[in-house]
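Student: Sharing a structure with you now.
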Amino acid sequence: MNKYLLFLHKIGEPNKPPAGQTFGPSSDNAWYRGPGWQLAWPHCCTKVGPGCLGRHICQLMNVSPPCRVSNRSILSSGAFGQPRGPQPGYAGPQYSGQQNYGAGPAPAPAPPAQKRLDPDSIPSPIQVIEDDRVNKSSEPFTTGVKGQAPPLVTTNFQVKDQGNASPRFIRCTAYNMPCTADMAKQSQVPLAAVIKPLAMLPPDETPPYIVDHGDGGPIRCNRCKAYMCPYMQFIEGGRRFQCGFCSCVTEVPPHYFQHLDHTGKRVDCYDRPELSQGSYEFVATVDYCKNNKLPQPPSFIFFIDVSYNAVKSGMVNIVCQELKALLDYLPRENPEADSVVRVGFVTYNKVLHFYNVKSSLAQPQMMVVSDVSDMFLPLLDGFLVSVNDSRMVIESLLDQIPEMFADTRETETVFGPVIQAGLEALKAADCAGKLFVFHSTLPIAEAPGKLKNREDKKLVGTDKEKSLFQPQSGFYSNLSKECVAQGCCVDLFLFPNQYVDVATLGVVPVSTGGSVYKYTYFQLQTVRFGATDFFGSFFMSNTTDVELAGLDCDKTVTVEFRHDDKLSEDTGALMQCAVLYTSCSGQRRLRVHNMAVNCCSQLADLYRNCETDTIINFFSKYAYRSILNTPTKTVRDTMVNQCAQILACYRKNCASPSSAGQLILPECMKLLPVYLNCVLKSDVLQPGADVSLDDRAYLRQLLSCMDVSESHIFFYPRLLPLVKLDGGSLPMAVRNSEERLSKGGVYLLETGLHLFLWVGANAQQELLSNIFGTPTFSQIDPNMTSLPELDNPFSQRLREIIDSFRSQRSRYMKVRLHYLSLSLSLSVSLSLFSFVPSVSFRLYFCLVRVQYCDQNSHVATV
């Protein structure tokens with residue numbers, strides 16, 4: 001078999017495609033011919049058919065706090081129009097005013113200013129999602145079949161590990177990998193995987209087993225160092241094994257020897273997770289530890305900004321209250337045992353205040369470091385302590401901090417020395433850990449890492465715009481490297497009222513595997529607590545190894561593959577992801593995920609087993625990273641070009657001959673243009689006039705660690721009409737279109753970051769009474785962030801739905817209320833509605849690009 005190199009990049013420019021294969025007529029879908037969707041624009045305009053802060057910290061610590069739309073294959077209502085020719089074997093419905101055009105040369109498109117496409121004619125994400133749920137949610141998904149595409153991320157399904165990693169850990173863009181690099185270049189389908197190594201599993205699925213091979217450590221291939229897995233072939237009676245990745249033969253250690261059965265498998269195959277499961281963990285030996293020394297349990301250090309803005313907003317008070325409540329939720333291996341994690345506390349403005357909370361003290365002691373230009377740790381004994389030993393002193397400190405700084409007038413803050421202080425504390429304690437930084441303003445005080453306000457909207461849309469997303473200097477990049485080397489992960493909570501330069505402050509979290517949460521215009525008296533923005537990434541010291549100072553169950557790494565050599569269609573391709581980490585109890589472990597996929601020599605097989613959601617996840621991350629060095633217009637054009645190249649290659653090599661006016665979509669990619677349109681319309685790539693630079697920087701960084709389910713709901717939110725709520729099922733979702741909203745309705749929209757309750761101005765009084773407890777529209781509080789608990793079945797069911805949505809996401813989603821009569825806020829405009837005119841234009845533009853690529857395949861660009 002063949003081993004894919006995980007952290008290698010970009011597949012090259014497309015070559016001229018060779019003659020491809022052609023599918024026969026499809027027998028399972030009477031609406032279209034061949035395996036793809038056919039989208040056409042005729043000249044006529046006849047319409048076709050009917051158409052809480054505390055919870056977030058708990059998550060960071062890895063603990064738990066207390067009417068269906070039909071698919072239409074023929075787009076025949078639009079003014080963009082190419083005539084649709086008759087298809088062999090297809091007799092579509094005829095409508096008044098519609099002509100049957102021959103399959104001759106297509107005339108020039110009409111001006112796109114008349115009528116727009118019928119939205120019901122565009123491939124429907126709602127129906128695709130529903131069909132997948134109906135077909136694939138009843139039976140468990142078994143991973144033993146190589147090259148099998150999993151159910152969609154929107155489907156609730158159970159996974160049974162039978163030798164390949166669960167799709168909750170790894171999702172691929174394609175489950176039939178092309179055998180050659182030329183074939184990959186020709187198709188332009190991205191070959192990548194989205195990996196979530198420590199993903200949380202539902203209660204009905206078994207977490208990875210822990211395997212201990214003793215003092216010798218995990219069994220590995222002598223050549224490529226791959227870990228023992230189900231792909232290893234035991235030979236010579238079990239005395240040796242042949243590596244599935246590099247074919248090297250390695251001696252089996254005596255303590256690991258076992259006889260083979262009549263099929264050539266070890267008799268203990270199903271008793272050993274590493275021989276029968278796709279995911280498992282090894283207990284690592286001292287050889288896998290830094291400096292060959294077993295690690296100490298990690299420490300958490302909390303840094304609280306006590307400047308004027310932070311105190312006035314109520315941030316300091318609520319953070320101290322929540323930290324007291326969270327002391328009982330520190331991570332632990334055994335729920336019955338005490339946590340071994342030590343904690344420390346620092347407050348700061350333009351100087352730093354360290355606190356001694358040693359258990360023998362009656363009151364905490366403060367030590368001030370005013371020389372922030374050369375940061376040092378003023379104390380070690382009593383700074384990092386066990387909560388069980390020092391609880392009374394810690395609670396006393398958290399009660400006193402808001403009072404100590406209640407009258408402060410200091411407005412300036414530092415940030416670089418804060419990270420340096422935490423780094424020095426972990427170095428002195430010889431342990432890894434996490435810094436929780438609660439920060440409010442741009443750090444303008446004289447200190448290392450001082451920043452200036454560089455927000456300049458005049459640069460938006462220009463070639464210089466990319467500089468706004470890059471850090472102001474290399475200080476924080478160098479600091480993040482030191483953090484990674486020490487195992488110091490940084491999580492940043494921002495509470496800004498104005499520009500804080502997210503692009504620069506986010507460098508340390510994005511490089512250490514941390515997260516950023518943003519609470520703009522935080523006010524304790526009016527706003528409750530819910531994460532609004534989040535991102536995470538990693539640091540790479542070389543081209544093959546990903547390094548993170550911290551890793552939790554929400555972090556993902558997306559990797560792109562390249563060909564080193566021609567792959568074998570018979571043996572397929574193998575992937576192995578190994579994560580070396582220290583558990584919260586201080587145990588060094590290796591978590592291993594394995595994936596086997598098929599290889600193909602025909603383009604038709606490649607297109608048959610792609611996954612659109614994973615492709616969009618990859619495209620969006622690639623695009624959002626590209627704007628650091630490329631103008632946004634160029635990035636948008638590049639994405640459309642690559643999408644057109646994918647569809648042109650499919651049309652040329654896989655689909656039956658059709659008229660030039662039809663956009664042929666592979667069955668598994670029929671939603672690609674719709675989802676791509678959502679990415680292109682995001683505020684990062686196409687910002688509105690009211691979008692701040694910090695908002696765009698957060699959105700760009702937010703996506704970097706999203707898994708496939710999170711990016712799906714982020715770009716295409718779930719919109720539910722709240723008319724009738726039956727006991728056991730959700731209302732049928734509707735498309736994210738302005739036309740779907742009625743002034744007489746109430747809708748619930750989930751974006752993965754927020755829950756929006758959208759109320760029409762003419763909503764029925766009974767509906768308003770059931771939800772809000774008042775029949776009058778004007779009496780509803782527009783600033784409410786949670787629904788009242790009313791004693792009626794409708795209210796109870798609605799709150800159950802909201803709770804179930806929140807349980808599916810890694811971030812707490814706050815409810816926000818919006819009226820039809822009011823303009824939508826910035827948060828809604830991020831990805832709320834895919835307006836039909838822009839969708840139809842994008843489809844038409846994509847059709848023109850496909851035709852161009854089809855006719856000029858040798859000059860098509862990526």
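Glycine is treated like the rest: Cβ placed from N, Cα and C.
Features from TrEMBL:
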REGION    78-149  region 'Disordered'
DOMAIN    218-256  domain 'Zinc finger Sec23/Sec24-type'
DOMAIN    295-529  domain 'Sec23/Sec24 trunk'
DOMAIN    532-599  domain 'Sec23/Sec24 beta-sandwich'
DOMAIN    612-711  domain 'Sec23/Sec24 helical'
DOMAIN    730-802  domain 'Gelsolin-like'
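What's the neighbourhood like for each of these?
Tutor: Away from its own ends, the domain 'Zinc finger Sec23/Sec24-type' (218-256) comes close to residues 1-3, 163, 211, 264-266, 274-278, 282, 284, 574, 576, 578, 590, 592, 594, 596 of its chain (Cβ-Cβ under 8 Å, at least six residues beyond either end).
Model confidence over the domain 'Sec23/Sec24 trunk' (295-529) stands at 89, taken as the mean pLDDT rounded to a whole number.
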Student: Under the DSSP assignment, what numbers of helix, strand and coil residues are found in the domain 'Zinc finger Sec23/Sec24-type' (218-256)?
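Tutor: Split by secondary structure, the domain 'Zinc finger Sec23/Sec24-type' (218-256) comes out as 6 helix, 11 strand, 22 coil.
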Student: Based on DSSP, tally up the residues of the domain 'Sec23/Sec24 helical' (612-711) by helix, strand and coil.
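Tutor: Computed counts for the domain 'Sec23/Sec24 helical' (612-711) are 66 helix, 5 strand, 29 coil.
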